[in-house]
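A.B. asks: Structure in structure tokens, see below.
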Amino acid sequence: MRIAASTVLFGAASAASFQQQAQHVLSGGFGKAQEAMKPISDAFTDAAGRPFESFEDAFSGMTAETKALWEEIKLLVPDSAFKDLSWLSKPKPHHRRDDWNHVVKGADVQGMWVQDANGKSHRQVDGRLEEYNLRVKAVDPSKLNVDSVKQYSGYLDDEANDKHLFYWFFESRNDPKNDPVILWLNGGPGCSSLTGLFLELGPSSIDKTLKVVNNDFSWNNNASVIFLDQPVNVGYSYSGSSVSNTVAAGKDVYALLTLFFHQFPEYAKQDFHIAGESYAGHYIPVFASEILAHKNRNINLKSVLIGNGLTDGLTQYEHYRPMACGEGGYPAVLGEAECRSMDNALPRCQSLINNCYESGSVWSCVPASIYCNNAMIGPYQRTGRNVYDIRGPCEDSSNLCYSGLGYISDYLNQQSVMDALGVEVSSYDSCNFDINRNFLFQGDWMQPFHRLVPKILEEIPVLIYAGDADYICNWLGNRAWTEALEWPGKKDFNAAKVKDLKLSGAEKEYGKVKASGNFTFMQVYQAGHMVPMDQPENSLDFLNRWLNGEWFAK
């Protein structure tokens, strides 16, 4: 399994130690923002398509103001890195299979028309689906023993663009005819959601002998769950092309869900929720907005949940220094000099992020990502502490601090497992660092996707939960952006009473919760970046209570 110690698995910046690892990383919005985000790779080639060999060559035609922003990067990235630039993920070896139980043609679904109550005809479901197909394999539970419930796996195909997204569905252990459906997304960007399946909240985990171990607190105890490897070239997904921004990924997810619920209408009538962590703080506002934008849809979206997410960088990056310096509920990791240095760097960082927010331009957003990650995450990371859990050191740098990732990768690379799931690629990787880099260099990292949340709140509830021991997407920053968000319910939300979170019958609380209208924030005690891994029973408790509408607007 190819993993670089400096790269973030679940959603922190791969540029956190950019100064030390720049060459390795480089080689190895909507509306105005969407228009401005042209591929930065275009700027690193001349008119004939040949790569430039230095910053001077690439940026000689820029204005003085733009050059000044990029001078920050010039100090961090060696010229030699430009000689090996590659902007497309290398396609994995793969072979197409033909042993599928179902194949759903997007063109057929798009061609279905219905009449409304007034006799007017319209498409049964909206969206451009003609280029998509969904392939479905009924997984034999006895082959893998991950769970005994009904399971499906397969691929969403975008044949025109050679994109193939892998998914794995687990039916609810309880009452699948009535229980809700959840789509789970890990972050990265570029990390497999099968990480969430086996390391956090799925029906089983993998031990060091590659044995499957049952999880009594799986999120499919009372809900059916879809785990999706997205964007393409992540996990078991593959493509000859690439996706390098969140908005493009949203189109694929809408198509997947539409075709899946068309094939399985018994699940389409259930409540549907999107949940994820880390960079899913970017994904989920965009994916939810994409779904809600379609009036005629078969996706019964009822809420979204974001755990330890990166959603509003301008607000969240201010809270790295307090978390590292003893103000987040845990002892300080950094000394006074380093804390002062982070304080000194913050105004420049916020200025760069604000420029990104206002322009949406890749030329503003990339410098913001690199400078801020180096200044705000780099000092902490250089201590050797776990960026996902402030309570201890990074114990397995070859697996991004968690040996369990290695076990999962070894398990999923077994041919018997791949055959049982209908996998078409030759290998599984937990994270694709080309994707991580491409999102960074498309300016996606600092895009203000939190601005989509107020519109979402008009239609469905939103839960932001955060393990309070995480550094990389810490609870201080997540609480801060929820309180800073401009929406009609802001005043009431900020004034809402903070209540204890407790298991039924327990005396001691496991966290705090604040809710008003459709907005809820939770702090979960003694949990790092991956709350379901660190607090499995407690996370299942708040999930079930959320699905039952405990904190929804009445």
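Residue numbering: from 1, along the chain as shown.
Glycine is no exception: its Cβ is also placed from the backbone N, Cα and C atoms.
The model shown is predicted, which means the values in this text are computed figures rather than measured ones.
As annotated by Swiss-Prot, active site applies to Ser278, Asp470, His529. Residues or ranges marked as disulfide bond in Swiss-Prot (evidence: similarity to another entry): Cys191-Cys431, Cys325-Cys339, Cys349-Cys372, Cys356-Cys365, Cys394-Cys401. Swiss-Prot lists Asn222, Asn518 with the feature N-linked glycosylation site. Among the features that Swiss-Prot reports, signal peptide is placed at 1-17.
Have a look at these and tell me how they're positioned relative to everything else.
C.D. replies: Counting Cβ atoms from all protein chains shown, Ser278 (active site) has 29 others lying within 10 Å of its own Cβ. Look at Ser278 (active site): DSSP puts it in coil.
For Asp470 (active site), the count of additional Cβ atoms within 10 Å of its Cβ stands at 34 [all protein chains shown].
Secondary structure at His529 (active site), taken from DSSP and collapsed to helix, strand or coil, is coil. Over all protein chains present, the Cβ of His529 (active site) has 31 other Cβ atoms lying within 10 Å.
Cβ neighbour count for Cys431 (disulfide bond) (all protein chains, 10 Å cutoff from its Cβ): 29.
Classification of Cys339 (disulfide bond) by DSSP places it within a helix.
In three-state terms derived from DSSP, Cys356 (disulfide bond) belongs to a helical segment.
According to DSSP, Cys394 (disulfide bond) is assigned to coil rather than to any helix or strand.
Around Asn222 (N-linked glycosylation site), a 10 Å sphere centred on its CB holds 19 further CB atoms from the protein chains shown.
Spatially close to Asn518 (N-linked glycosylation site) yet at least six residues away along the chain are Leu457, Glu458, Ile460, Pro461, Val462, Gly489, Phe552, Ala553, judged by Cβ distances under 8 angstroms.
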A.B. asks: Including all protein chains shown, what's the count of other C-beta atoms within 10 A of the C-beta of Cys365 (disulfide bond)?
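C.D. replies: Around Cys365 (disulfide bond), other Cβ atoms within 10 Å: 31.
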A.B. asks: Relative to the Cβ of Cys349 (disulfide bond), which residues of the same chain, six or more apart in sequence, are found under 8 Å away?
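C.D. replies: Listed in sequence order: Tyr317, Ala368, Tyr371, Cys372, Ala375, Met376.
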A.B. asks: Name the one residue among Asn222, Ser278, Cys356, His529 whose Cα is closest in three-dimensional space to that of Asp470 (active site); these are the recorded positions.
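C.D. replies: Among Asn222, Ser278, Cys356, His529, His529.
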A.B. asks: Roughly how many Å lie between the Cα atoms of Cys365 (disulfide bond) and Ser278 (active site), rounded to a whole value?
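C.D. replies: A Cα-Cα distance of 19 Å.
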A.B. asks: Going by DSSP, is Cys431 (disulfide bond) sitting in a helix, a strand, or coil?
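C.D. replies: Once the DSSP labels are grouped into three classes, Cys431 (disulfide bond) ends up as strand.
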A.B. asks: Quick one: of Cys191, Cys339, Cys372, which of the disulfide-bonded residues has the smallest count of other CB atoms within 10 A?
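C.D. replies: Sparsest of the disulfide-bonded residues Cys191, Cys339, Cys372 by Cβ contacts within 10 Å: Cys339.
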A.B. asks: What subset of the disulfide-bonded residues Cys325, Cys339, Cys356, Cys394 lies within 10 angstroms of His529 (active site), using C-alpha positions?
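C.D. replies: Within 10 Å Cα-Cα: none.
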